[in-house]
Amino acid sequence: MAKQRAKLVVGNWKMHGRLADNRVLLQAVSHGANDLPDDVRVGVCVPCPYLPQAQSLLEGGCVAWGVQDVSAHTQGAYTGEVAAEMAAEFGASFAIVGHSERRAYHRESGETVAVKAQRALEAGLTPIVCVGETLDERESGKTEQIVGAQLDAVLAKLSVEDSARIVVAYEPVWAIGTGKSATAQQAQDVHAFLRARLATKGDDVESVPLLYGGSVKPENAEELFSQPDIDGGLIGGASLKDKDFLAICSAAVAATAAR
Ligand code: PGA
């Protein structure tokens, strides 16, 4: 019997949002999340300029907030970058690191992602470390090799204690924003592989939350979240619609109850 872990559902807004729309969305999510049981945690990762808005609308409620990237540096002449400590000053709890869009468009290496995870931890943020293979890599049987190497790069950099404070998100690149989610079994298989890899670092590391991301929607969330090694989701497109996002959070509740 798999160990029962709390569920975590985090929205990744990517580069979407405007002040007026955000207000409506954040208020609706905050209000809806009040009805969720304690063993389902909810967060939203917003574009940096909207951190103060997220803080002022979410503070005191049960929805945490965070950013979608942090700099690998703590401070200095790095035009355009945002340090983890800056995000922490606005109450952020999470920092996504190593999202496939960052790896692909900004050529972030495994080493860079590892340093970013470390910077996030130093600032008191929980890094959500994304790993995932492309369609080509899956079709040539390299999924485990790719996601294993991406995870190893981070685990190699962090102490055992720090490794136990991360969240890992498996996001197959071919499923992101395509409407074509991995099947629950495909996702579970990779999650079980990642779980075993985490276990090599220690018992506390084995039980870090493992999220699935890639075209999660209200219709497929419960089946995905019911898998023994899927502890919740990282939600892109569907996190921009309050009803869909809250339905996905409710699916996490249902999946927990059904286990
Ligand atoms: P999606 O994105 O839910 O829109 O597929 C997920 C992500 O990229 O985090």
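Quick reminder: no glycine exception, Cβ is built from N, Cα and C everywhere.
Lifted from TrEMBL, the feature list:
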type: BINDING; residues: ASN12, TRP13, LYS14, GLY177, SER215, GLY236, GLY237; note: substrate binding site
type: ACT_SITE; residues: HIS99; note: active site, electrophile
type: ACT_SITE; residues: GLU171; note: active site, proton acceptor
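Feature annotations (TrEMBL) mapped to structure.
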residue	record	Cβ contacts under 8 Å, 6 or more apart
ASN12	substrate binding site	CYS45, GLN68, ILE96, HIS99, GLY213, LEU234, ILE235, GLY236, SER239
TRP13	substrate binding site	VAL44, CYS45, VAL46, PRO47, GLN68, SER239, LEU240
LYS14	substrate binding site	GLN68, GLU101, GLY236
GLU171	active site, proton acceptor	HIS99, SER100, CYS130, VAL131, GLY132, TYR212, GLY213, GLY214, LEU234
GLY177	substrate binding site	SER215, GLY236, GLY237
Cβ-based neighbourhood (8 Å from the centroid) of the substrate site, residues ASN12, TRP13, LYS14, GLY177, SER215, GLY236, GLY237 excluded: ILE176, ILE235, ALA238, SER239, LEU240
Cβ neighbours of SER215 (substrate binding site) where a neighbour is any other Cβ within 10 Å: 21
Neighbour tally for GLY236 (substrate binding site), based on other Cβ positions within 10 Å of its Cβ: 21
DSSP three-state assignment (helix, strand or coil) for GLY177 (substrate binding site): coil
Other CB atoms within 10 A, centred on GLY237 (substrate binding site): 20
Other CB atoms, at most 10 A from the CB of HIS99 (active site, electrophile): 28
In three-state DSSP terms, the structure that ASN12 (substrate binding site) belongs to: strand
Three-state secondary structure, SER215 (substrate binding site) (per DSSP): coil
Pairwise C-alpha maximum, in angstrom, for the residues (ASN12, TRP13, LYS14, GLY177, SER215, GLY236, GLY237) that bind substrate according to the record: 14
